[in-house]
């Protein structure tokens, strides 16, 4: 009886050791249906070969835009929504306008006859125009109007909500979504930007395997820094490629 008990204890000890070694040699797996926290470089698009009606869901808390076709998630992109005091409205909307070379009629810069920025980050409704200057609206390439003056467009993503209310997108995703989205597409805006966590910034045209062709414009650009309200004189002409964003 004693020998049998000793044998049983030895067998159980060996079995436990084997299970422990097995668990240490393999990486833990996520539970089915559970995903890790969103990453800043998680953009993707697989919608070209997927049929079905499109729908855009913008999550202000996560600072993400999710693109669905026929109920299937086919696209994802980080965003930068409205900053405090310029909150992006929530609710159910539809795309009512598309303009690949859109410029803001409200926000931009005052420039002189030579194209020098006299005053940056202006609100044309309240900031008086200096003598001899003119207003140049902020570029908003791949613009799709969502509600009122608010739309989604190409823009700089500093890693937090920073716009005047619009939804900024990286160049690549702004172009993809623009060409894939017809007028009347439903847009659902949910969440609260106050809960958004700081993330690494995303450049206008991140390095990708797909070449991005940016729209060209001959009109002068302003030199506004995203999120800035400082109005300072600029010396010289605006550098090529400098872009204003709502």
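Yeah, the Cβs are placed from backbone N, Cα and C, and that goes for glycine too.
Residues or ranges marked as signal peptide in TrEMBL: 1-27.
For 54-190, the entry in TrEMBL reads domain 'L,D-TPase catalytic'.
Residues or ranges marked as active site, proton donor/acceptor by TrEMBL: 153. Counting every protein chain shown, 26 other Cβ atoms lie within 10 Å of the Cβ of residue 153 (active site, proton donor/acceptor).
Positions annotated as active site, nucleophile by TrEMBL: 166. Around residue 166 (active site, nucleophile), a 10 Å sphere centred on its CB holds 28 further CB atoms from the protein chains shown.
The annotation region 'Disordered' is assigned in TrEMBL to 206-246.
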